[in-house]
Amino acid sequence: MIVLGIDPALGSLGWAVVAKESAKLKYLASGVIKTSSKDEIHHRLSYINSILEKVILEYKPNMAAIEETFVNTNSVTSLKLGYARGAIMSLIGRYDLDMREFKPNTIKKTVTGYGHAEKDQILHMIKLLLPGTAAITNSDEADAVAIAYTCLVTKNY
């Protein structure tokens, strides 16, 4: 089973690919897709999808796992995040991947044992749980690894 974990965002989206071989988890790759707020939204969404499409074609995941989002007090921010999620879900559908969504507290609890963990705690734990992740310093990238990890260890596939 290969899972593409996605921490959805418009400005700094984290992605990660983690595989489960027998009972072992194996980190394959991860990264961050950054877009500029100066660019028009449709160009930003297209860029995000073009990078994620390359990841899908290279690693051939069976499933995508994405963080559920909450409604922000800033409605414009929430709407833009909704655009990003919709574009990502459309790409996931185009490649006929199964998809799971996880609440932020579920991800935090699965990775750290505490549902209200801070970003640095998640980063620390993924480095302990998955060999190969030591070079990760970006919290969006770490969150994407945590999302893929959560999908695999909760057997939510």
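Including glycine, each Cβ sits where the backbone N, Cα and C put it.
According to Swiss-Prot, the feature active site maps to Asp7 (among others), an assignment based on sequence analysis. For the recorded site, Asp7 (active site), the DSSP three-state label reads strand. Its Cβ placed at the centre, Asp7 (active site) has 25 other Cβ atoms within 10 Å.
The Mg(2+) 1 binding site annotation in Swiss-Prot covers Asp7, Asp140 and rests on sequence analysis. Using a 10 Å radius centred on the Cβ of Asp140 (Mg(2+) 1 binding site) and all shown protein chains, the other Cβ atoms total 22.
As annotated by Swiss-Prot, active site applies to Glu67 (among others), with the evidence given as sequence analysis. DSSP classifies Glu67 (active site) as strand under the three-state reduction. The Cβ of Glu67 (active site) lies under 8 Å from the Cβ of Ile6, Asp7, Pro8, Glu101, Phe102, Lys103, Pro104, Ile107, Asp143, Ile147, each of which sits 6+ residues away along the same chain.
The annotation Mg(2+) 2 binding site is assigned in Swiss-Prot to Glu67.
What Swiss-Prot lists as active site is Asp140 (among others).
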